[in-house]
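Feature annotations, reproduced from Swiss-Prot:
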- 8-47: repeat 'WD 1' (REPEAT)
- 50-91: repeat 'WD 2' (REPEAT)
- 146-185: repeat 'WD 3' (REPEAT)
- 190-229: repeat 'WD 4' (REPEAT)
- 287-326: repeat 'WD 5' (REPEAT)
C-alpha cells in the first residue's frame, strides 16, 4: 500500500474531505490555502485563494458544485468548485471551526468559537444553487447558541433531521435541525476532554467521535446510544468509518506541544485500524512525522487519506489483502 504524498501546504493540515464521488480530495491547513486534488494520482487541480487566516474546516456539496470553508479570519466562504471563484462570504464575530453541508446540500452549518464575550454557536445558512450561486442569504436561518459548553464539531444526521454536536466538555448533543431545540445530551467522553472530530456513516444513522481522552465512540444518531468504544493509547484528533469493510480508522498522536525529541514510533503518529464490530485494533499505518490531525475515507471504501501536523496529506489506495482480511466468524457468516 504505497501512499501518494501530497505536498501543497506549508503548515499543518486541519481537515481533509473527499467529495461524494471520491474522485476529488479537498484539504485545508493553517496556511490560508485550500487545495483540490485528484484522488487517483494525487495531482493538484488547483487552489481556492482568499482567506486571511488559518483555514480550520472544509466541506463540499453533495453534487460537488460548491465548496465551503471556515477560517480563523472569522468568515465562511463559499466557492465555485469548478472555477475557483469565491461566490459568497459570511462574516462571524469569532473564528469558524467546522462547516458541513446538509445531506441534500440545501443548507450549511457553521460552528463558531467562544471568544471575546461571544458564546459558541452553530449557525445554519440556506444555500441557493440558482443564478450562478450569486443570491445567497445574508443571515443564518437558524442559530443554536451553546450556553453550557461550546461546540467544537457538528454534523447532520440522516435526512438532515438532527444536528449532532460534539462539545469541549466531552459531551454530545442532538438538536432538532428545524427548530434548534436541544433534544438529547450525553456525556460520551471523559469530562473536560474535548471532542475533536465527528464523522458519520454513509447513511448518517450513526457516527464516530474522536476525543482527547484517547478513545473513539460509535454512537447512534437517533438516540445518542453509545454502540461501541475504541480505546487507543494516545489522544485522538480524528476518526472515520470505512464503507465496504467493517472498520474504523483513528488518527492522533501526542499533541504537538508535548512532543519533545521523540521518535515517530514513540509519538504514536500512526493511523490505527480497528474492527468496527469487535473493537479490536487490527493494524496501523505509519508514515507521518507528527500527529495525524485529520483522516478521511473514500466513499467507495477503496482508499483513505490522512493529513498531519507535518504539512503532508497521504493518500493510501487499499490493496487486495485489506479487502480479503476477515475474522473467522465473518467467514462462517459468508459460508452460510
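Along the chain as shown, the residues are counted starting at 1.
Every residue, even glycine, has its Cβ placed from backbone N, Cα and C.
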Tell me, please, if the repeat 'WD 1' (8-47) and the repeat 'WD 5' (287-326) are in contact, taking contact as 3+ Cβ pairs under 8 Å between residues separated by 6 or more positions? yes
The mean pLDDT across the repeat 'WD 3' (146-185) is 93
DSSP says what for the repeat 'WD 5' (287-326): how many helix, strand, coil residues? 5 helix, 17 strand, 18 coil
Which residue counts does DSSP give the repeat 'WD 3' (146-185) for helix, strand and coil? 3 helix, 21 strand, 16 coil
Its residues classified by DSSP, the repeat 'WD 2' (50-91) shows 0 helix, 24 strand, 18 coil
